[in-house]
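The block underneath contains the structure these notes are about, expressed in structure tokens.
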């Protein structure tokens, strides 16, 4: 038995060194590609911008999983609703299809206020989804797999309602939504490291900045507030938390509201970058968002941002002539990371005693 334990420890030690060595080699290759490739730095900054989009989408996923240990597949639909709500609150008209064709609100809000309003409305929709798709199953003690099916059904229903009401047209937000900000920022050549100036779109900088602010605020909320600590208690043991006087249902509603708020604001910001391309706008991000949270570590809020940035940078270095393979990059990176760290980049290994 002692020989088996020693060989097992040696194997784990060897695997630890091999995985760290592989990570170090990958990091060195990335830095080399960034510095030596003709458009390396440009691709790197583009990747950070794309990764910011993935990260801000994945934060809502991660928040719910960190508390309830479930995946809310309706989050992509909430993402879409937030983008549409903001569009309508600016006073813009609906397109030519759907039951609301050519309709508009009798008022229009400034874009930043409309974005916050759209996020709040999306958060309220998140509460509705919790009451309809999750709470009845949770009260019955149903298998968690059923909540996945239920949330997927809600996503399909919401997408079809959106298409019924406003059609499947592409919607664009008003120009200069944040005032007279420049359309792009010129970062120069970084002391001659690049032959051409590095250009970054302003909206991409805003998305990246918002994702960083949100991860700080969420981390503080979960770890530094009384409500956040109560949520962590619910995550550990909902039954015991209820016996101690914690209103678990109310806290879960708060979780879904915050997740919806983040998703709604994320939908608006991404819509600014790529336009709102129909009712399936957010659903298309869903699978990529799932890869992001698994890569970063399930339930780890900073991990969602790191996972998004890693996938964004990896995709940015796909050659333009091989762009058809870009979608496969996220899952190739996910496979390699999980091979070395099954718990994800920032996730913690769970040891179950038997």
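Cβ from N, Cα, C; glycine included.
Automatic prediction, not curation, is the source of TrEMBL annotations.
Per TrEMBL, the features are as follows:
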| type | residues | note |
| --- | --- | --- |
| TRANSMEM | 21-41 | transmembrane segment |
| TRANSMEM | 47-71 | transmembrane segment |
| TRANSMEM | 78-99 | transmembrane segment |
| TRANSMEM | 111-133 | transmembrane segment |
| TRANSMEM | 145-166 | transmembrane segment |
| TRANSMEM | 198-222 | transmembrane segment |
| TRANSMEM | 250-270 | transmembrane segment |
| TRANSMEM | 290-311 | transmembrane segment |
| TRANSMEM | 323-340 | transmembrane segment |
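The recorded stretches the transmembrane segment (250-270) and the transmembrane segment (47-71) share 3+ CB pairs below 8 A when only pairs 6 or more apart in sequence are counted, and are therefore in contact. The stretches the transmembrane segment (145-166) and the transmembrane segment (111-133) are in mutual contact, each linked to the other by at least three Cβ pairs under 8 Å (pairs 6 or more apart in sequence).
Put simply, of 78-99, 198-222, 290-311, the stretch with the most CB pairs closer than 8 A to the transmembrane segment (111-133) is 78-99. With pairs at least 6 apart in sequence, the transmembrane segment (290-311) and the transmembrane segment (198-222) have 3 or more Cβ pairs within the 8 Å limit; the two touch.
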